[in-house]
Amino acid sequence: MVKPKKTRFERKMALYGVIFTLPWILGLLLFHAYPLIMSIYYSFTSYSILDPGEWVGLENYQTLFQDHVFWVSIYNTLYFTVFFVPISIVFGVGLALILNLKIRGQGFYRTMFFMPSLVPPIATTIIWLWLLNPQFGLVNHWLEQIGLQGPAWLGSEYWSKPSVILMSLWGVGQSIVIYLAGLQDIPQDYYDAADVDGANIIQRLKHITLPLLTPVIFFNLIMGTIGALQNFVLPYTLTNGQGTPANSMMFYVMYLYTNGFGYLKMGYASAMAWILFLIVVILTALIFISQKRWVYYQGKD
Amino acid sequence: MRSQLSIKRIQNACAHAFLILVGLFFLLPFIWMVSTSLKPDNELFLWPPKWIPGLLVWSNYPDSVNYVPFFNYLRNTLTISGLATLGVLFACPLVAYGIARIPWKGSKPLFALTLIVMMLPYQVTMIPIFILFKNFGWVGTSIPLWLPAFFGAPFYIFLLRQFFMGLPKELEDAARIDGASELRIYWGIMLPLCKPALLTIALFQFMGSWTDYQGPLIYLSDESKYTIMLGLQAFKTQHGAEWQMLMAASVLVTLPIIILYFIVQRSFIQGITFSGIK
């Protein structure tokens with residue numbers, strides 16, 4: 001007698017489950033699954049908005065591998081990712097550690113570090129274009145004061161990417177807030193025990209604080225890497241979509257956008273999108289695999 | 001005891017010195033933006049640069065607003081941000097509740113899919129979605145910029161799901177025994193409880209739409225439909241050397257976000273930390 005009643009409840013719950021999640025089920029199909037599959041299909045065609053295009057097999061991929069700018073854009077994107085992500089983690093964790101020393105004015109400092117991350121990217125580029133102006137910019141003025149000849153920054157093939165890294169570091173405040181909360185989650189007991197054992201600051205940092213912060217660092221590493229590979233708005237608006245000088249600012253997604261919406265080569269751009277997808281999947285998987293070696297979860301040995 | 005105290009004091013002094021030094025890196029560009037926005041144009045290229053303008057030119061602000069159809073851009077942006085925020089407020093708690101609190105077979109796989117989609121780069125699906133909207137005849141309108149919000153956004157669903165998971169199970173059990181319908185439990189009990197989380201996602205979405213550049217860049221071509229960010233970029237391209245105007249415009253587009261931040265600072269910070277830790 002009890003059993004059929006239970007299945008009725010289960011059936012009712014299944015119905016409600018579908019009703020509640022219906023928008024997302026549709027959203028997943030319409031805006032994620034369908035486009036993901038279509039993007040594979042388009043990558044094998046010569047589709048453009050004006051022309052329905054035809055099946056070209058692997059031609060887009062073959063052309064891509066011989067496309068010089070494609071490789072330049074991969075180089076630029078990896079350059080940015082490899083420098084920006086680790087620097088932002090060290091910078092963010094370092095500042096959070098100091099803020100966590102229970103010093104006075106913590107809230108004030110936190111707000112100060114956080115504010116730039118609220119500035120819209122276009123406004124960020126305007127501010128930094130002016131600061132890094134080779135002739136009249138504040139930065140080069142200061143460098144001159146200490147006897148250094150400032151570079152041309154965004155006008156230089158070699159300094160353009162470091163400039164973008166600098167600008168991106170300016171907006172690193174959100175991750176400081178995350179690290180700080182992570183630090184405040186570490187139970188005081190551990191530190192009390194360390195005090196009893198007579199551990200000094202360095203030992204506490206090495207054996208308690210940093211290991212217990214690794215899950216947060218792990219999260220930021222994954223999200224930071226995925227974000228860095230998609231870097232678009234800063235280099236695009238800084239160079240008005242040109243990627244100048246000498247393609248040194250042509251990032252992967254910018255080239256994808258230029259192909260798809262500038263030259264209307266949407267099949268070609270879809271092939272690029274799929275390669276980006278693979279790169280993201282592989283890098284994320286590598287980071288996930290590496291976590292066994294360095295990420296420490298509380299409650300597990 | 002005494003030496004320990006003075007070590008602590010030295011340590012604190014060093015920390016403050018370091019924080020102030022790094023703080024300058026974060027703060028000075030801000031001050032420079034405001035200072036430049038109030039300069040007369042003949043003080044822009046002074047060498048050495050001047051921190052406080054000799055004459056405060058407040059008219060840079062109305063001038064920069066009148067240079068472009070600013071209020072038109074503002075209206076377009078507010079429409080998109082408002083509708084997109086409404087969309088995530090409607091869909092995300094509904095879906096998150098269905099995943100977190102309704103016992104059914106689909107909830108686990110759906111949550112796994114949500115996590116996967118969260119890591120999917122926007123650019124991978126960008127072109128097919130564009131073609132989809134193109135077939136509907138919506139390219140050139142703002143519909144593609146807010147309509148998807150009504151179907152849920154993975155990050156917010158994730159955030160709200162974590163929030164719902166933290167509520168005690170007795171809540172809906174008691175209500176179910178009393179014979180309340182599922183929709184009533186959701187609307188009458190659960191939704192009011194997650195107000196702080198709702199405020200957080202509303203804030204994130206509003207800010208996201210306000211600062212979005214790539215979306216409007218792809219879908220909007222007619223200048224009368226431009227958002228503030230597209231307008232600002234166009235302004236920058238056309239009047240590259242009029243830094244006082246550009247800075248005034250930058251202050252104007254940043255100010256609403258900063259004000260919003262100070263009004264709801266707590267849910268803001270909570271939201272960010274929640275996303276990174278739980």
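Just so it is clear, glycine is given a Cβ too, placed from its N, Cα and C backbone atoms.
No curator has checked TrEMBL annotations; they are predicted automatically.
Feature annotation from TrEMBL assigns domain 'ABC transmembrane type-1' to A:74-287.
Marked as transmembrane segment by TrEMBL: A:13-34 (among others).
Sequence annotations record features per position, and here TrEMBL assigns transmembrane segment to A:78-101 (among others). Within the chain, the transmembrane segment (A:78-101) has long-range Cβ neighbours (under 8 A, six or more residues past its boundaries) at 109-110, 113, 161-162, 164-165, 168-169, 172, 175-176, 178-180, 182-184, 205, 209, 213, 217, 220-221, 224-225, 228-229, 231, 251.
Under 8 Å from some Cβ of the transmembrane segment (A:113-132) lie the Cβ atoms of residues 95, 138-140, 153-154, 163, 166-167, 170-174, 176-177, 233-234, 237-238, all in the same chain and six or more residues away from its ends. TrEMBL lists A:113-132 (among others) with the feature transmembrane segment.
What TrEMBL lists as transmembrane segment is A:163-181 (among others).
Per TrEMBL, transmembrane segment is recorded for A:212-234 (among others).
According to TrEMBL, the transmembrane segment annotation covers A:271-289 (among others). For the transmembrane segment (A:271-289), same-chain residues at least 6 beyond its ends with a Cβ under 8 Å from one of its own Cβ atoms are 39-40, 43, 60-61, 64, 70, 218, 221-222, 225-226, 229-230, 252-253, 255-256, 259.
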Sequence-remote partners of the transmembrane segment (A:212-234) [C-beta within less than 8 Å, at least six residues beyond its ends]: 77, 80-81, 84-85, 88-89, 92-93, 121-122, 124-125, 164, 167-168, 175, 178-179, 182-183, 186, 190, 251-254, 257, 276, 279-280, 283-284, 287-288, 291, 294-298
